[in-house]
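Participant: The structure that follows is given in the form of structure tokens.
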Amino acid sequence: MEILDGKKISNQIKEEITVEVAQMRDRGEKVPHLAAVLVGNDGASLTYVGSKVRSCKKIGFESTLIHLPEETTEEELLKQVAELNANPDIDGYIVQLPLPKHIDEEKVLMAVDPDKDVDGFHPTNFGKMALDMETFISATPFGIMELLRRYNVETSGKHTVVIGRSHIVGRPISILMSQKGKAADSTVTLTHSRTKDIKSLTLQADIIVSALGVPNFLKADMVKDGVVIIDVGITRVSDESKEKGYYITGDVDFENVSQKASYITPVPGGVGPMTIAMLLKNTLLARERHNKA
Ligand code: NAP
């Protein structure tokens with residue numbers, strides 16, 4: 001069994017980006033600038049946005065954090081989005097989800113300029129991704145693909161079972177892995193909460209991408225020997241014995257499933273760090289495109 005070490009690979013990617021950014025600076029070019037909009041004080045969102053901004057600083061990007069109060073109206077947020085769209089200094093930006101309940105998430109995401117949509121959530125970018133066109137692929141599925149590519153995991157002709165059909169993970173990864181190319185060419189089965197007898201499907205799978213957010217969902221008796229496991233789940237479980245009062249776990253019973261797997265991602269340290277690295281990669285791509293424009 002080999003660990004698909006997302007922390008190691010994400011650090012490699014960040015080092016590669018750091019070199020490119022230094023070269024941009026040496027040539028007197030503008031360096032990539034990522035902005036993040038955070039509404040409210042959700043603990044997990046604060047952590048995610050904080051680590052995205054810190055990563056920008058480390059690799060030489062410029063970054064701007066726009067932290068708005070919980071009571072921000074939809075209109076105010078849309079005004080902020082319009083300002084970011086119009087600001088030539090910003091190459092790409094993200095609106096951290098989830099948004100407070102009184103704001104229509106879809107309306108906000110639709111307002112993001114697709115050329116600055118480094119999260120790849122806008123229908124223009126999602127549509128291009130589905131049609132094999134060059135675009136911003138959303139960071140988590142992009143990170144999974146990159147991890148599979150860099151470990152040379154064979155996916156061609158394999159049966160991949162994806163658990164979860166969300167717009168940000170399950171749906172896009174099922175499309176990407178069924179396309180032609182490296183880390184793809186797979187025969188994909190997409191499952192969800194209405195799927196009957198998931199176990200009968202996971203037992204046939206050569207590769208399983210689990211993205212449902214239920215700790216310990218995928219157990220050893222649900223997988224075959226040699227399976228490749230990509231555990232996307234991130235759940236905070238309360239635990240007073242931990243310094244932070246919780247620990248992070250994925251969807252997979254790692255201890256037992258890893259004994260049957262050929263490759264497996266740990267949680268934390270698997271898909272999570274790859275997601276941040278690919279967001280940075282998308283921001284670099286945005287800068288390069290703006291340079292050419
Ligand atoms: P989501 O929007 O809540 O979607 C969950 C999906 O799982 C849904 O399609 C749901 O089916 C399905 N599901 C729920 N319970 C199920 C069950 N018992 N059997 C089969 N399918 C079931 O979640 P998400 O945004 O995709 O996130 C999934 C997990 O990944 C979460 O833990 C999240 O924190 C994590 N995540 C991690 C990263 C990262 O960087 N590593 C990034 C994004 C998300 P229905 O559609 O039928 O409801």
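Placement of Cβ uses the backbone N, Cα and C atoms for every residue, glycine included.
TrEMBL lists GLY164, ARG165, SER166, ILE234 with the feature NADP(+) binding site. Summarising the annotation, TrEMBL assigns domain 'Tetrahydrofolate dehydrogenase/cyclohydrolase catalytic' to 4-119. Per TrEMBL, domain 'Tetrahydrofolate dehydrogenase/cyclohydrolase NAD(P)-binding' is recorded for 138-290.
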Participant: Using all protein chains in view, find how many other C-beta atoms are within 10 Å of the C-beta of GLY164 (NADP(+) binding site).
Facilitator: 24
Participant: Let me know how many other Cβ atoms fall within 10 Å of the Cβ of ARG165 (NADP(+) binding site).
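Facilitator: If we count other Cβ atoms within 10 Å of ARG165 (NADP(+) binding site), we arrive at 17.
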Participant: Express the predicted model's confidence over the domain 'Tetrahydrofolate dehydrogenase/cyclohydrolase NAD(P)-binding' (138-290) as a mean pLDDT, rounded to an integer.
Facilitator: 97
Participant: Return the maximum Cα to Cα distance in Å (whole number) over the record's NADP(+)-binding residues: GLY164, ARG165, SER166, ILE234.
Facilitator: 16
Participant: Residues with Cβ closer than 8 Å to the Cβ of ILE234 (NADP(+) binding site), same chain and 6+ apart in sequence?
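Facilitator: Residues satisfying the criterion: GLY213, ILE248, THR249, GLY250, VAL267, PRO268, GLY272.
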Participant: In sequence order, which residues at least six apart in the same chain have a CB under 8 Å from the CB of SER166 (NADP(+) binding site)?
Facilitator: ALA211
Participant: With helix taken as DSSP H, G or I, strand as E or B and everything else coil, how many residues of the domain 'Tetrahydrofolate dehydrogenase/cyclohydrolase catalytic' (4-119) land in each class?
Facilitator: 61 helix, 19 strand, 36 coil
